[in-house]
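Chemist: Annotated N-linked glycosylation site per Swiss-Prot: Asn161, Asn285, Asn346, Asn609, Asn614, Asn696, in sequence order, evidence recorded as sequence analysis. What Swiss-Prot lists as region 'Glycosyl hydrolase-1 2' is 517-955. Positions annotated as signal peptide by Swiss-Prot: 1-34. Residues annotated as topological domain 'Extracellular' in Swiss-Prot, with sequence analysis given as evidence: 35-982. Residues or ranges marked as topological domain 'Cytoplasmic' in Swiss-Prot (evidence: sequence analysis): 1004-1014. According to Swiss-Prot, the feature transmembrane segment maps to 983-1003.
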Amino acid sequence: MLARAPPRRPPRLVLLRLLLLHLLLLALRARCLSAEPGQGAQTWARFARAPAPEAAGLLHDTFPDGFLWAVGSAAYQTEGGWRQHGKGASIWDTFTHHSGAAPSDSPIVVAPSGAPSPPLSSTGDVASDSYNNVYRDTEGLRELGVTHYRFSISWARVLPNGTAGTPNREGLRYYRRLLERLRELGVQPVVTLYHWDLPQRLQDTYGGWANRALADHFRDYAELCFRHFGGQVKYWITIDNPYVVAWHGYATGRLAPGVRGSSRLGYLVAHNLLLAHAKVWHLYNTSFRPTQGGRVSIALSSHWINPRRMTDYNIRECQKSLDFVLGWFAKPIFIDGDYPESMKNNLSSLLPDFTESEKRLIRGTADFFALSFGPTLSFQLLDPNMKFRQLESPNLRQLLSWIDLEYNHPPIFIVENGWFVSGTTKRDDAKYMYYLKKFIMETLKAIRLDGVDVIGYTAWSLMDGFEWHRGYSIRRGLFYVDFLSQDKELLPKSSALFYQKLIEDNGFPPLPENQPLEGTFPCDFAWGVVDNYVQVDTTLSQFTDPNVYLWDVHHSKRLIKVDGVVAKKRKPYCVDFSAIRPQITLLREMRVTHFRFSLDWALILPLGNQTQVNHTVLHFYRCMISELVHANITPVVALWQPAAPHQGLPHALAKHGAWENPHTALAFADYANLCFKELGHWVNLWITMNEPNTRNMTYRAGHHLLRAHALAWHLYDDKFRAAQKGKISIALQADWIEPACPFSQNDKEVAERVLEFDIGWLAEPIFGSGDYPRVMRDWLNQKNNFLLPYFTEDEKKLVRGSFDFLAVSHYTTILVDWEKEDPMKYNDYLEVQEMTDITWLNSPSQVAVVPWGLRKVLNWLRFKYGDLPMYVTANGIDDDPHAEQDSLRIYYIKNYVNEALKAYVLDDINLCGYFAYSLSDRSAPKSGFYRYAANQFEPKPSMKHYRKIIDSNGFLGSGTLGRFCPEEYTVCTECGFFQTRKSLLVFISFLVFTFIISLALIFHYSKKGQRSYK
């Protein structure tokens, strides 16, 4: 019998190769899961340079196909039913019942009857009552059209004691009903296992998350959920916001369970949370992923931080701030299983150490990056020390880019994002809506412009609920809940309607009204520029000095005046004013056809009447205007505009009440008469008053101002129009007022009210009925304010129709809301909240850039006052004076002029001219087309851009034919005799020239002959 040979042992070399191969595979796996930490530090330098206005504004684009649109809620915030059907107590039940979570300023809620009710209970005992309203909640999801719904399971509802054992069947049934309803609607669930509501029994028995044993109990609870619900769930979140759980639950004690331990305890709890998460991830990965095919992650919250100055030190401090909040949990999971180096270097013994086996356990335990970004952590619960003296910022786009670079381009699912409004705000939540728009826009830019892999977005939250440490003092829901009602009906807010439309459009698709229009204006269109006040420099040139001087060439090298000897005085000429020619040169360089400026009443008539006329100033204006005409530039002259000091009035009038005094109107008519007589020969377009409708002007002053305008208009119409053939009107400031919530009828009414008070106040008497707007009168009577004067019938006849065209200045658009959200920006008089869309571009002085507002206000004026000839007599913005390229002004001018073109071409507005503001920085710092320094003017890039628009007479495209416009020249009336006799004058000049040459030759040769004879 042959003996069996013993099995051959693999040679030592083979074993070594297998070991090396195994190590290589582990290294490759680690490399796939990790990136070199610290790459995110590049983010600040990348975004340090201010973006071009086109990139900083709204991006008209859509999200990728298959993008996940979600909305979320949390069990304790919304479920209520805290004692129903066997639910156990959670740490939040205990925390709110014993210490109270809401701040002392919890609002007094007004019942429907109008009587004040007691403050809301500062607990989540009932909250939004979602436990008893599954159908109601899911109908809200159906209205929104979301693809995913994030909710959390209450650990204490399915396991009242927190430990594995007999589960609470009613609790399981509730979540099954919810999941089944979601399946019927085609909405995918995103389920959070732990959203801060630990069973109280586990806190009492083990000390909560401070005990490592809780990780195993959490694993058992997760296994129960995976087994019962996992077949219907593709996205799982293990723990929500571990930073808040650890730091504010066990270190500061601000949140449940309210343990005011040391920072060491906070770091220990975070350590245990990471281990608990990792165990659950491995449980799912091993036992449930093969059959259920889901994905598991942990929801990490973060702020964003900007350096105080762009120095290496400050950038390192910003990186450290993110390490201490987000990197605390993200680096162990997404990089190498260990804490950030900055934490280990700064915290020394406070930070627990991971064993090598724990590092392997934790590393790579996320199938996607679940990000939470919003007010709860980012701007309310962030520990001030973790800012490291840098500046917080609500910039989601930059945070997404940082995560992308720091953690090796993970797929990012934004699982919580939104803002909040006051607890008293009901359904018109404009502030929340615009923050939602901002965050979604930044997400879209991160995807389309930065290449970040964002797979989904979750608006927070579905409905109003209990807001943790803020109680019911704020609201974060897309649906309004009346907490005092029995049925707790969900009513969609403006934010819900906005989000529903955005999901339907899958983003912000390009719309026809957002596209630039190609086309041209009519040939006689007035292209102008504005200089509110030309610099009146009456310094005469050296040639007007009648004195005689000797040049002391041997000693002082100076001119010495010869006493008693004077030259004959000559008549002054316009060339004597050295300040005029440079301004004309600038205007000719711009190639504008019109120039608008205001006269200085106080300079011309220092005493306010014609007893003292400053003829030098008047002569300067006469020269300025006549030189404009000779340069083929049409002057547009305003008689008055409010300005400091004394509102632009002569001191004598200002000290006697200014426009409050009815005699000022008569003085204005007298002043206008002088200007018409002295300057009207060269002026075809007059403005009586430029932008008089300021909000700080009283109704009495406005009444007298209207009368003054009408007197001046009739004076011109009766005495000067026939000879001078000019036109005259008033120029009103007309910024557009837009309803903050486009879905709100209340906001539409408020916007119309503000338009009537801002524009209609002075426009309606002139261009409309001859009386003040009915809206104004009714509103003031309702407020028991009877200060608005009444016109007599004679005054109505005087004021009504006192115009030849409608002139408006337009700079920006303002949003108005009827809900009182920010007391600092609330107008109690008109009961209106002013605000802005935070996605709009803003100038350095915070003026919003909203081009479509110009088109809207022109259409509103046409609707109110008919098809009148209109001029935009001022439109412009300030820009960074230190920037070499005034790119914001270029963007502003291009888009506002294009909206004016749309009004002319598409809306058939009778638009006759457009005036850009302003000529130079000399009179309008930061707003000019020319920089001014040391008596030198330097054109900015925006000037050349505006000139190009003027040269094209609009916007020429590849398919746009330019309109042929023959060049016109201003007729010089004094030159009429010469213009009609050009040929005769040339012939006479030739004869005179020939005669002079002949005399010269005769004289020359006669002299020569005499010399020869001698």
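Using the three backbone atoms N, Cα and C, a Cβ is placed for every residue, glycine included.
Keep in mind that this is a model prediction, so the values were computed, not measured.
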Chemist: Does anything in the same chain, at least 6 positions from Asn614 (N-linked glycosylation site), have a Cβ under 8 Å from its Cβ, and if so what?
Modeler: Leu603, Ile604, Leu605, Pro606
Chemist: Who sits close to Asn346 (N-linked glycosylation site): which same-chain residues at least 6 apart have their Cβ under 8 Å from its Cβ?
Modeler: Lys320
Chemist: Calculate the distance in Å between the alpha carbons (Cα) of Asn609 (N-linked glycosylation site) and Asn161 (N-linked glycosylation site), and round it to a whole number.
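Modeler: Rounded to the nearest whole number, the Cα-Cα distance is 92 Å.
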Chemist: Would you identify the secondary structure of Asn696 (N-linked glycosylation site) according to DSSP, in three states?
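Modeler: It is coil.
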Chemist: I need the most crowded of these glycosylation sites: Asn161, Asn696. Count other C-beta atoms within 10 angstroms of each C-beta and give me the top one.
Modeler: Asn161
Chemist: Across the topological domain 'Extracellular' (35-982), what is the average pLDDT of the model, as a whole number?
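Modeler: Here the predicted model's pLDDT, averaged over the topological domain 'Extracellular' (35-982), is 92.
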Chemist: Using DSSP reduced to three states, classify Asn285 (N-linked glycosylation site) as helix, strand or coil.
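Modeler: Asn285 (N-linked glycosylation site) sits in a helix per DSSP.
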Chemist: If you skip the near sequence neighbours and keep only those at least six away, which residues in the chain come within under 8 angstroms of Asn285 (N-linked glycosylation site), Cβ to Cβ?
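Modeler: Asn285 (N-linked glycosylation site) has long-range Cβ partners Val296.
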Chemist: Give me the Cα-Cα distance between Asn161 (N-linked glycosylation site) and Asn696 (N-linked glycosylation site), rounded to a whole Å.
Modeler: 66
Chemist: How many neighbouring Cβ atoms, not counting its own, are there within 10 Å of the Cβ of Asn609 (N-linked glycosylation site)?
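Modeler: Its Cβ shell of radius 10 Å holds 16 other Cβ atoms.
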Chemist: Please report the three-state DSSP label of Asn161 (N-linked glycosylation site).
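Modeler: In three-state terms, Asn161 (N-linked glycosylation site) counts as coil.
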